[in-house]
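> This structure is in structure tokens; I'll ask about it shortly.
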Amino acid sequence: MAGEITETGELYSSYVGLVYMFNLIVGTGALTMPKAFATAGWLVSLVLLVFLGFMSFVTTTFVIEAMAAANAQLHWKRMENLKEEEDDDSSTASDSDVLIRDNYERAEKRPILSVQRRGSPNPFEITDRVEMGQMASMFFNKVGVNLFYFCIIVYLYGDLAIYAAAVPFSLMQVTCSATGNDSCGVEADTKYNDTDRCWGPLRRVDAYRIYLAIFTLLLGPFTFFDVQKTKYLQILTSLMRWIAFAVMIVLALIRIGHGQGEGHPPLADFSGVRNLFGVCVYSFMCQHSLPSLITPVSSKRHLTRLVFLDYVLILAFYGLLSFTAIFCFRGDSLMDMYTLNFARCDVVGLAAVRFFLGLFPVFTISTNFPIIAVTLRNNWKTLFHREGGTYPWVVDRVVFPTITLVPPVLVAFCTHDLESLVGITGAYAGTGIQYVIPAFLVYHCRRDTQLAFGCGVSNKHRSPFRHTFWVGFVLLWAFSCFIFVTANIILSETKL
């Protein structure tokens, strides 16, 4: 849940943390990136991908700095509580006690740094896992906290809508193609409409909605309970994902090497930038989960370098996946879910591989859906929670899970346009989480740290982008993106 301080958990090395972060960032968004690349043109896509990767790295360092500042505040509060307990346990005050207390009160008025003793641990060590919601409560006012939760909730709703649409869409594409006249999947020149027949009198859209209903009935009830992803399930889903990505890249390279590449992507097509922007922002999203990833890292000496290395590797992977895709397949034949392009017999001869690639999103996304749903439900609870209050059983166990589950399922019922869903989620809620919230967090944490610790203090995890210019630049970029995407949507709608 976004609003709690939780246990650090089992520690792991910095390189294991690097792998975890890689797995977190490279998710569903990567499967929608090839089509977005083909639509916007390869040069525009490459430039935007690199720039958005850099901006995500900047705000990631902002969040790490805010985590360190939050830990410093918690460290000092524990010291204060310890001193208060010692004062309560002391006997009746003597003259010397009065003198000591007077000295302590004077010390309270001085910056925290001047009170610390040599040999004490660095207060900026990231030892407590302080989630983003708790950091918002520490550094923002009430309005800021509510806006933070609103942004998180909108993003999680978008996430659930994408997942709720992706699974039935994949099942529809694989099963309708396999049971129709084309037993080998989606052919390159075949254009299916939702009104085309799937099984007998059932249309493709009917099959999609049947799968959506089954998906909701099977996974929806988990929203009403607490569920967490086990380590072994995480290992299994990660293994499946990397096998699938590796197979797709190798198959695309083989086709290109044999001269069978069909793609001739344009250099630039600015009409596709809107969706590309949203997809790229969504594909670099990790800021909301950084406390869970960074805190258990045992050695944080070179944390910024490792994070930078992670981003370089992710950029290289996204580039390899997308460029092999757009030169292997024609732009108009690329599917919203890239895995579905490998349901063709002329691309993959083995039926087992075709079905594995076509259906692998079904398993991996299905295991994530309950986790995100429970996270969203808990954020709703935190948003309306009042100190010392409890929710009635009906509100806690029925109302919150229902308002969590119903909206994304309704969105998925109305559309299965995954590229647009990812684009809109990334462009709006993603911009808030990836740019706006980290920028305001680091600005307020720096101000609070200076007031509490004095001007001479140094946050050991301070971002290399420490000048206030970078905070302003990130906010200006976020505002520009919001205006651009909104204007693009309005112009696109007026043309229809």
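Here the Cβ of each residue, glycine as well, is placed from N, Cα and C on the backbone.
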> Compare the topological domain names that Swiss-Prot gives for Arg386 and for Tyr443, and report whether both residues sit on the same side of the membrane.
yes
> For the feature N-linked glycosylation site in Swiss-Prot, which residue out of Asn181, Asn193 does the record point to?
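Going through Asn181, Asn193 one by one, Swiss-Prot annotates Asn193 as N-linked glycosylation site.
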> Check Asn193 (N-linked glycosylation site) against DSSP and tell me helix, strand or coil, would you?
coil
> I'm a bit unsure how to read this: which one of 11-31, 234-254, 277-297, 307-327, 471-491 has the highest number of Cβ pairs shorter than 8 Å with the transmembrane segment (422-442)?
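Between the stretches 11-31, 234-254, 277-297, 307-327, 471-491, 277-297 has the largest tally.
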> Please figure out which one of 37-57, 147-167, 205-225, 471-491 racks up the most CB pairs under 8 Å against the transmembrane segment (398-418).
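It is 147-167, which has the most Cβ pairs under 8 Å.
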> When you scan the chain for residues with a C-beta under 8 Å from the transmembrane segment (277-297), skipping those not six or more beyond its ends, what do you find?
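2, 6, 8-14, 16-17, 20-21, 24-27, 29-30, 32-33, 36, 48-49, 52-53, 56, 59-60, 63-64, 67, 126-132, 152, 155, 303, 314, 318, 419, 422-427, 430-431, 433-434, 437-438, 481, 484-485.
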> List the same-chain residues at least 6 positions away in sequence whose Cβ sits under 8 Å from the Cβ of Asn193 (N-linked glycosylation site), in sequence order, or say none.
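Those within reach of Asn193 (N-linked glycosylation site), by Cβ under 8 Å and sequence separation of 6 or more, are Arg204.
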> Do any residues, 6 or more residues outside the transmembrane segment (11-31), come within under 8 Å Cβ-to-Cβ of it, and if so which ones?
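For the transmembrane segment (11-31), the nonlocal Cβ contacts are 162-163, 166, 238, 241, 245, 279, 282-286, 289, 293-294, 296-300, 302-303, 306-307, 309-310, 313-314, 317-318, 321, 337-339, 361, 365, 422, 426.
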> Against the transmembrane segment (205-225), which of these stretches has the most C-beta pairs under 8 Å: 234-254, 355-375, 471-491?
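Looking at each of 234-254, 355-375, 471-491 in turn, the most contacts to the transmembrane segment (205-225) are made by 355-375.
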